[in-house]
Amino acid sequence: MLIRHNRSSIAKPILLFLGCLVIGQLGVLVVANSLWFTEMGYLNTFLKQLSWQLGLGWGSAILSLLFIFTNLRLAQRFRWQKAKEDSYPLSPQSPSINLLGLLIIATGIGAWIGSMLLYYSKLALSLWTPDFNLPNLSSSLSSPLEIVWIRQVLTDISSNLWQGLIIAFLVLGLLIKTEYFLRIISIVFTVMLSFIIAGQWANFLKYFYGVPFNINDPQYGNDLGFYIFQLPLWQLLELWLTGVGIYTLFAVILTYLFSADSLSLGTFPGFSRPQLRHLYALWSGLMGLLVLHHIIQRYLLLYSPEGVVYGAGYIDVHVGQFIEIILGIIAGITSIWLGEKALFGKKDRRKLYKNTKKKLVFFPYLVPVFLYLIVWISGTIISGLLQRTVVQPNELVRERPYIERSIQSTRAAFSLDRIDAQVFDPQAELNAEVLERNHLTIDNIRLWDTKPLLETNRQLQQIRLYYKFPDADIDRYRVRVGLPEKIEERQISEKQQTIIAARELDYSAVPTSANTWVNKHLVYTHGYGFTLSPVNLVAAGGLPYYFVKDIGTNKDEGALQTSSELIDYSIPIGKPRIYYGELTNNYVMTPTTVEELDFPSGDGNVYNTYDGKGGILVGTGWRRWLFALYLRDWQMLFSQDFTPETRLLMRRDIQNRVQTIAPFLNYDRNPYLVAADVGDSSSKLHWIIDAYTISNRYPYSDPGKDKFNYIRNSVKVVVDAYHGTVNFYVADENDPIIQTWSKIFPHLFKSLAEMPKTLRSHIRYPEDLFSTQAERLLTYHMTDPQVFYNREDQWEIPLEIYGTEPQAVSPYYLIMKLPDSDKEEFILLHPYTPSSRQNLIAWLAARSDDREYGKLLLYQFPKQRLVYGPNQIEALINQDPDISQQISLWNRDGSKVLQGHLLIIPIEQSLLYVEPLYLVADQNSVPTIARVTVAYQNKIVMEPTLKEALEKLFSGDQS
């Protein structure tokens, strides 16, 4: 007793200290994040998320613990207290269990508890450490009542030995120290459940704030909002309540089985009447949850991947849903029956259990189990028989209504129903006069691709080791073609397709000898400048032509060098410091007594002090201590370089920045930089990130190879590269999901009309969304059920040679005039070929300019016309003797020829094919444009420039 008392006296202070440590750390997290969200102007957004997370986490934890420990307390009260059967105060009401049976049952229950604990722990971990590269979807929450859950657990154990060892340890602990281990597991299990519930705060908010779609599903007639906003919450509640219910039942059973020294005596006397009534009550509750499970499963048939189409097919509608109903009824009746026995159960006669046929005692309890299994197995057999005898012989007739549903739903969910389909009949009418009429299209033909341009930038424009170009992006700018006599006069300008690349600071490239705390957090704080290249121009030596490049000019050492005065007027540059970007992964403090490296100049450096709006004051007082704790950076406390104005700039990675503010949105993988004047003299550079609302809950919508079956580009996010401010602009006000989030966070979103005009002119149709739609359109352009069923008109994404390897054609941006338009637009285009063939069948275009933004156009070629596809043109190019001879000569001459993207360019009612050839010398990796190949109909030419190639192609001189 003294030893136990000493242990208790030691444990209490330790637990108290650990508790204070955890609470203190949580307090630091909350206060630090509150200050950051205040700086961003989104404190209300953070507080709403936090309050729901805390409320749901604590609420579910308290309810779960209350239920579990109340039942364990009842079990302690009702368990056998004495070891001798003749002295039991209550007669057993069930047969006794020998030692072998006791060990088998206890081991099985312990293994199940251990498996549940591991499963719920992994689920909680996945919710609180999300992979933002994956779609942000309603989690696949498999209930322990599902066979798929058992299969998943067994798979995990077989592939991870340590999980099996943990389960074995828990089983052993439950056999030896039952009460102690049950209490520990109860607490851990409850904590995991509370993390899961808190991590699903978004589902709760969507449930209460959900905006109806005003579209009903074709099977049950529910508004689609029920499936997207409400059904995920019911699945979550099932997961929570089922987990608590099963664990509590098993914990109570173990408590009863190991009472009365049953392991020592080698036998369990049987369950008493109070024990049985307790177990009946728990079983009754689980049967009630099984009813909920079958109700949910009936709705989940609308996402069935089996059958001819995605969603509920003939068998699901005529058999599957009724099997779920019958199984639910059986579970409901069983729940009522067990509930009645728990409330009004009468004492059975003891002599019944001394009968030699005592196994018959279990018969009434096995009836619902057998009935349940019979219905389930019969349903599987009947479904298979009907599939073979009724459906397969007349599959199109039987499945036609469900094919129509899938086509209609998939097209609506991916916005394919908004596509304006037209016929494009190519004519042999392309000549010099037509080219002149479409000179803006010709002047914007993309010879430079982002990949070779980045390679060139890294060789010629990085300037210092610590600078890096992480990415390059296609955009368009209005470039002036003449200078006005007076500034206030209207400027004459043309659209110019360009490639822009940010020169960011890559601290990982700083030499090890210079890798100090001061350099990392006080000196190397930002990148500087960008390059801007027209896609169609080539400088001397085949290098890119730059509108904007370098750092420093004769007039101003901090300015970027521009190609002409016209570019000075066209492109706002200012002091292009990049404090927030794609590589800014570390936090910095500024201003301090240490000057920041601004940019290199000659053999030295120019220094600067940040004067932007970003950052949290940490120069003095408690905030310095707070963020030293939050960042675990004790150097902050001892640094003598801070001033009262010193600010902390953290979460400077733009993806992490926007995900922290709005984690419920999905973000495009490719943010792009924009140089635009929004009225701030110190900030001209901005990042635009496309954000999506997605779901995997749209009934009958086929996700294909994706994990989601509904998507909208609902939000455009703008991040200031200097100040770090973030603005969310709603781009699709008709999307019910973004309408729901706007109701939840009314101060988070702005109308797209509020975006500055200079930025709005740079929004573009996102490639990620377009690629998804283009992939879905391969099959779902077929709207006739019979054509769809037979796959008579299946399309494919064509192949091209890029570099030296074949690859699928990616979408590409063009400035071109659509067939029915009178002016050039910024277009995203994707070609198609028929299945197993190489000729073109169609091309899809997405518009990006002004009021036309977001409109999709599909131009289909007449099926009787043969139009060359990319692979066929590539073959013609490689078969041309002059071209192949020249390429072979280069490849033998210490260089390597890389083929660029083959662009198919619609010009009025004709198609022009253009492919640049890059030359890379063996001694360096700088790609240069060596030749441009142009094809029209059966004619192919290769010349040093695009202009020469076009002149030769349309002059009739191809000798």
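The chain as shown is numbered from 1 upward.
Note: Cβ is positioned from N, Cα and C throughout, glycine not excepted.
According to Swiss-Prot, the features are:
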- 13-33: transmembrane segment (TRANSMEM)
- 50-70: transmembrane segment (TRANSMEM)
- 99-119: transmembrane segment (TRANSMEM)
- 156-176: transmembrane segment (TRANSMEM)
- 184-204: transmembrane segment (TRANSMEM)
- 239-259: transmembrane segment (TRANSMEM)
- 276-296: transmembrane segment (TRANSMEM)
- 319-339: transmembrane segment (TRANSMEM)
- 362-382: transmembrane segment (TRANSMEM)
Query = Are the transmembrane segment (50-70) and the transmembrane segment (184-204) near each other by the rule of at least 3 C-beta pairs under 8 angstroms (pairs 6 or more apart)?
reply = yes
Remark   = Per the Cβ under 8 Å criterion, with at least 6 residues separating them from its ends, the transmembrane segment (156-176) contacts 103, 106-107, 109-111, 113-115, 117-119, 122, 182, 185, 254, 263
Beyond the flanks of the transmembrane segment (276-296) by at least 6 residues, Cβ under 8 Å = 71, 74-75, 78, 93-94, 143, 145-146, 231, 234-235, 237-238, 241-242, 245-246, 248-249, 252-253, 256, 324-325, 327-328, 331-332, 334-336, 338-339, 341-343, 345
Task = Would you kindly list the residues that approach the transmembrane segment (239-259) from elsewhere in its chain, counting only those six or more residues past its ends and only Cβ-Cβ distances under 8 Å?
result = 60, 64, 67-68, 71-72, 74-76, 78-81, 97, 102, 105-106, 109-110, 112-113, 116, 120, 141-145, 174, 178-179, 182, 185-186, 189, 193, 196-197, 268, 271, 275, 278-279, 282-283, 285-286, 289, 293
